[in-house]
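Sharing a structure, written as structure tokens. Questions coming.
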Amino acid sequence: MKFAVIGHPISHSLSPIMHRSNFESLQRKDEYIALDVPPQHFSHIKEIILENDLDGFNVTIPHKESIIPYLDNISVSARHIGAVNTVLIEDGKWTGYNTDGIGFVKGLIDTYGPIANKNILVLGAGGASKGIVSEMDKFTTSKITVANRTMERFETWNIDINKYSLEQIVPYLKDFDIVINTTSVGMNDASDMLIIPINELNKNTLVCDIIYIPEKTPFLKACEENGNTVYNGLDMFVYQGAESFEIWTGQEANIDIMKNKVIDELKRR
């Protein structure tokens, strides 16, 4: 079987290395390539995929929403999230899925244990947040809280959550067991990292970010300096890839091999 990741730019992608390590460990002869598809060429995506004779592919930035009109079917969760990162091709039909949310949740639970009774805050109300919250909701008995800069972002949400603005949530920050940042705030500039006042967090709170390059964003570094345990998006990347592999093949992925390969490659770069 042959698979790919499509995006732009794509040369930095760790997906080919990660998936090939999994194929090799399972003694599969599959291929996995990276296809750089600039936005101006995306209207030719059907031809590009056909030319490469793919059985499925991953979709990354900036095409996770653009791919939807080209699908024959889309999973309920991917439709709800409004983004697709995995496409299965069967009998010429394209079916879209989103494995980002379940990837984050499975990685978190495997690393830190059950979240059923945890009080959870998610920062940001975009597609990544919606995907994580919709999956996390299946594993927790407590209502999840989501905080965003603007309340308008919640108009497309139909999940039963507690909704706050970032300003409104400040008095309650000490109440949360887990805080998950799904925004890009804190990625670049140190002055930009205070999406929330970190000194208001309980030091026992686990603070997560869905980004894994860099290993620790300025936001996570500041939380660590505050005394919090921090958790980046590496597991989310690995587990979403494992979920994609299972969708394509019906076989469980070798997660340990995939994760170790990504860690080794990150050290090398």
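Positions of Cβ are set from backbone N, Cα and C atoms, glycine also.
Because the structure is a prediction, the values reported are computed rather than measured.
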Pick the one from G96, G101, G103, G233 that TrEMBL also lists for the NADP(+) site with G124, A125, G126, G127, A128, N148, R149, T150, M151, E152, R153, I210.
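NADP(+) site check in TrEMBL: besides G124, A125, G126, G127, A128, N148, R149, T150, M151, E152, R153, I210, the record includes G233 out of G96, G101, G103, G233.
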Can you find which of N85, N226, N254 TrEMBL lists as binding shikimate at the same site as S13, L14, S15, T60, D100, Y212, Q240?
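Looking through N85, N226, N254, the residue TrEMBL assigns to the shikimate site is N85.
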Cα-Cα, whole number of Å: L14 (shikimate binding site) versus G233 (NADP(+) binding site)?
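So the alpha carbons of L14 (shikimate binding site) and G233 (NADP(+) binding site) sit roughly 13 Å from each other.
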Roughly how many Å separate the Cα of R149 (NADP(+) binding site) from that of T60 (shikimate binding site), to the nearest whole number?
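R149 (NADP(+) binding site) and T60 (shikimate binding site) have their Cα atoms 25 Å apart.
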Find the one among the binding-site residues G124, A128, M151, R153, G233 whose C-alpha lies closest to that of N85 (shikimate binding site).
A128
Within 8 Å of the Cβ centroid of the shikimate site residues S13, L14, S15, T60, N85, D100, Y212, Q240, which other residues of the same chain have their Cβ?
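Neighbours found: V5, N58, F237, G241.
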In sequence order, what residues of the same chain, 6+ apart, have a Cβ less than 8 Å from the Cβ of S13 (shikimate binding site)?
V5, G7, A34, T60
